[in-house]
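*Asks:* Pulled these features from Swiss-Prot for this protein:
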BINDING   GLU26, ASP69  Mg(2+) 1 binding site
BINDING   ASP69, ASP71  Mg(2+) 2 binding site
DOMAIN    20-103  domain 'Toprim'
Amino acid sequence: MYPENYEKFEKIIERLREFKGVIIVEGKRDEDSLRKLGVQTEILRLSRSSLADVALLASEHEEVMILTDFDETGEKLAKRLYDLLVGLTKVDMETRRELQFIASKDAKGIEDLYDLWESLRLRFWAPKEGD
């Protein structure tokens, strides 16, 4: 990842930390990764309930962010969730698209974001010897 993409990645991570709605992820490792990144908002896991149940719970919030993995299954889940939620609440798919564009070569999904962030932070922003 190039330094300019790292800066974009950092801005997305900051947006995740500041997000006030509910975030939908696929599983526990995805949630754990987001928590390590400092995300404190409510997170719903698809592994805990049916797609329809998660969509129903999410629709009770003013804004929903869909963060499924970047593989084919994640794409299909994101589309199905969007179709269920659009018109019921504000749905953020853009953050997932941005993450996919910037990080998909280095991360297969949401569960990899913390490790990617940590390695990039050390690579691009670690103090140089003598500082």
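Positions of Cβ are set from backbone N, Cα and C atoms, glycine also.
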*Asks:* Please give the average pLDDT for the domain 'Toprim' (20-103) in this predicted model.
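*Replies:* Summing pLDDT over the domain 'Toprim' (20-103) and dividing by its length gives 93.
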*Asks:* How many Å lie between the Cα of ASP71 (Mg(2+) 2 binding site) and the Cα of GLU26 (Mg(2+) 1 binding site)?
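*Replies:* About 12 Å separates the two Cα atoms.
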*Asks:* Test of understanding: give the count of other CB atoms lying within 10 angstroms of the CB of ASP69 (Mg(2+) 1 binding site).
*Replies:* 23
*Asks:* May I have the DSSP-based helix, strand and coil counts for the residues of the domain 'Toprim' (20-103)?
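*Replies:* Across the domain 'Toprim' (20-103), DSSP assigns the residues as follows: 41 helix, 16 strand, 27 coil.
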*Asks:* Would you pick out, from the binding-site residues GLU26, ASP71, the residue whose Cβ has the largest number of other Cβ atoms within 10 Å?
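*Replies:* Answer returned by the neighbour count: GLU26.
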